[in-house]
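S.K.: So that we are looking at the same thing, I have put the structure below in structure tokens.
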Amino acid sequence: MSKVLVLKTTAQADEVSNSVALTNRFLEEYKKFNPDDEIIIVDLNKDEVGTSILTSETFPTFYQQEVTKKYINLLKSVDKLVIACPMYNFSTPVTLKSFIDHVSVANETFSYKYSKKGDAIGLITNLKAQILGVQGAPLGWYPWGQHTQYVEGAMRFLGIEFNKTVLLAGVKVAPLLELTPAQRVETIIDEVIQAAKTF
């Protein structure tokens, strides 16, 4: 049995959120292959880890906060991580960026201490992660808007390995624009099922 941490990051209400629809459908399929796994869902909008941002005022104590320790320990205690990752203005939601800031702590989640080449060594080596990405534009319209690649890179820096990202792209243009979030997810259901099977 595995423990699975699921991060909800959307600023939208659940009923209109494409990333919530994608995450729910993924978990539905995942449970078919892993019925005994424990699923822990955290809504970053409702937790300090997603709303306490790094600024000049918070920087002096940012990495000493209890919430930082709590989520580093949580990452070390689970086996799998699911990241719901919608695109907002070509980037991730601020809640997800804040989470990444909180858990990226030298000598806790990464280290340069034993590096032979000067690059970082990730210390969160117990985890496999799955990104469930959503974006309004079709893939390739805005090459600089690679929000899922940023998240994957930041998490790999910490030592986390990844299943192939699932991306629901083009939700703000026809033909997907005319569909409900759940219907949009069904257009990539084969990818969702494959990801659930291999995760």
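Here the Cβ of each residue, glycine as well, is placed from N, Cα and C on the backbone.
For reference, Swiss-Prot lists these features for the protein:
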type: BINDING; residues: S17, N18, S19, M87, Y88, N89, F90; note: FMN binding site
S.K.: Look at each of the binding-site residues, Y88, F90, and point out the one with the fewest other Cβ atoms around it within 10 Å.
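M.R.: Output over binding-site residues Y88, F90: least Cβ neighbours within 10 Å is F90.
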S.K.: Determine, from DSSP, whether N18 (FMN binding site) sits in helix, strand or coil.
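M.R.: DSSP call for N18 (FMN binding site): helix.
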S.K.: Rounded to a whole number, what is the top Cα to Cα distance in Å among the residues the record ties to FMN, namely S17, N18, S19, M87, Y88, N89, F90?
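M.R.: Those residues reach a largest Cα separation of 17 Å.
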S.K.: In DSSP terms, helix, strand or coil for M87 (FMN binding site)?
M.R.: coil
